[in-house]
Amino acid sequence: MIFEVMTKYDYEQLVFCQDKNSGLKAIIAIHDTTLGPALGGCRMWNYQTEEEAITDALRLARGMTYKNAAAGLNLGGGKSVIIGDPKKDKSEELFRAFGRFIQGLNGRYITAEDVGTTVEDMDLIYMETKYVTGVSPAFGSSGNPSPVTAYGVYRGMKATAKVAFGDDSLKGKTVAVQGVGNVAYNLCKYLHEEGAQLIVTDINPDSVKRAVQEFGAQAVNPNEIYDVDCDIFAPCALGAVVNDETIERFKCKVIAGAANNQLKEDRHGDMLEQKGIVYAPDYVINAGGVINVADELYGYNRERAMKKVEGIYDTILKVFEISERDGIPSYKAADRMAEERIESVRKSRSTFLSNERSILHFDHR
Ligand SMILES: NC(=O)C1=CN([C@@H]2O[C@H](COP(=O)(O)OP(=O)(O)OC[C@H]3O[C@@H](n4cnc5c(N)ncnc54)[C@H](O)[C@@H]3O)[C@@H](O)[C@H]2O)C=CC1
Ligand SMILES: CC(C)CC(=O)C(=O)O
């Protein structure tokens, strides 16, 4: 069954990591390295079954191939998951053991934060491997990617508003935010500063309370967020929230948020289009974090990174241009843009290039 899925979507490698001493059970999925080493975060989550963890790792890794390609990065797509409760199961041994598995891949996979992992966890991984980003700024690194992801989502939301409402101002717009965690808290700050009205929800009452107190947000129960009257729905928790059930309920004109894999299936992107909801493809709008951590690989320069993140505005506009030009929904337009880049690089890479393993270096004459 696993090879069937890997073949269907062309995955290169799936690595299972087990370490009895620390209790580590992790999966590293490498989807495609045509553009460069696979970069993508590490999620720690209390998966109920191994299948759920494998499926999540695979889906997230493929998303990173498209995200990195669409963002113009010289990086392929990969992602990892650690099976466990981030509130109870973290330890130095666990992350160091995980770091050693990453080191074993010799640079084919580079990790970073995702849901359930922090800068401190990355610092532990860094004790064992240099193939980790989002490490503490004290190491010359870029630190927590979430605020930068939020800035990119904010920029992408403005561009999507321009397409949907003819004006990119978010002043007076009502934005319903699902999940006010690391990314969305920072996103709410930008939205509040611009004068947007916020409706928020989270399964963590403390996060909701903070958004209500700091941004005057209106709070609703997690299951009510799909029904609220709003201009923009911003999914910023987990994936698959755009599905048969929720599409019927949405009253928004725009969907633009940070969560990965927002569409449960591709056909839900078609359904949004039919309903007249303008959808900002998830992996384009939420690329700020990866653009920021990827800059570390050149020697981190915050100004350069932020300039690139700002460009998410133009990338989103480009996606909608392709969508209009080719008469396809926005999610397909984003896929087309990413796939075209990967294909053109794949073709130009078929040209011979000498390296230490090539025949030119086995000179016995
Ligand atoms: N952190 C980053 O830089 C990036 C994050 N993302 C994606 O953005 C999303 C959010 O990431 P973070 O803010 O880092 O994670 P986080 O874990 O800090 O925030 C997620 C929030 O969603 C809440 N939540 C979970 N299930 C919920 C539900 N059913 N209803 C309402 N709230 C719920 C959680 O309690 C938490 O507060 C994730 O899908 C992540 O993969 C994507 C790109 C970069
Ligand atoms: C820096 C990261 C959060 C990269 C990643 O895994 C993502 O964009 O989903």
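In case you wondered, yes, glycine gets a Cβ from its N, Cα and C as well.
All TrEMBL annotations are machine predictions without curation.
What TrEMBL says about this protein:
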type	residues	note
ACT_SITE	Lys79	active site, proton donor/acceptor
BINDING	Gly179, Val180, Gly181, Asn182, Val183, Ala184	NAD(+) binding site
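Distribution of TrEMBL features across the structure.
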| residue | record | DSSP (3 states) |
| --- | --- | --- |
| Lys79 | active site, proton donor/acceptor | strand |
| Gly179 | NAD(+) binding site | coil |
| Ala184 | NAD(+) binding site | helix |
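Other Cβ atoms within 10 Å of the Cβ of Gly181 (NAD(+) binding site), summed over all protein chains shown, number 15. With a cut-off of under 6 Å between the Cβ and any atom of ligand 1, the recorded positions Lys79, Gly179, Gly181, Asn182, Val183 reduce to Gly179, Gly181, Asn182, Val183.
The number of other CB atoms found within 10 A of the CB of Val180 (NAD(+) binding site), across every protein chain shown, is 29. Cα-Cα distance from Asn182 (NAD(+) binding site) to Lys79 (active site, proton donor/acceptor): 19 Å (rounded to the nearest whole number). The distance from the Cα of Gly181 (NAD(+) binding site) to the Cα of the residue listed as 'active site, proton donor/acceptor' comes to 20 Å. Looking only at the binding-site residues Gly179, Val180, Val183, Ala184, the one with its C-alpha closest to Lys79 (active site, proton donor/acceptor) is Val183. What surrounds the NAD(+) site, by Cβ distance within 8 Å of the Cβ centroid and not counting Gly179, Val180, Gly181, Asn182, Val183, Ala184, is the set Ser146, Val177, Tyr185, Asn186, Leu187, Asp202, Ser207, Cys236, Ala237, Ala258 from the same chain. With a 10 A radius on its CB, Val183 (NAD(+) binding site) counts 29 other CB atoms from all the protein chains. Neighbour density for Lys79 (active site, proton donor/acceptor): within 10 A of its CB lie 30 other CB atoms from the protein chains shown.
Taking the Cβ of Ala184 (NAD(+) binding site) as reference, residues of its chain lying under 8 Å away and at least six apart in sequence are, in sequence order, Ala150, Val177, Gln178, Val200, Ala234, Cys236, Gly257, Ala258. Sorted by the number of other CB atoms within 10 A, the binding-site residues Gly179, Asn182 start with Asn182, the lowest.
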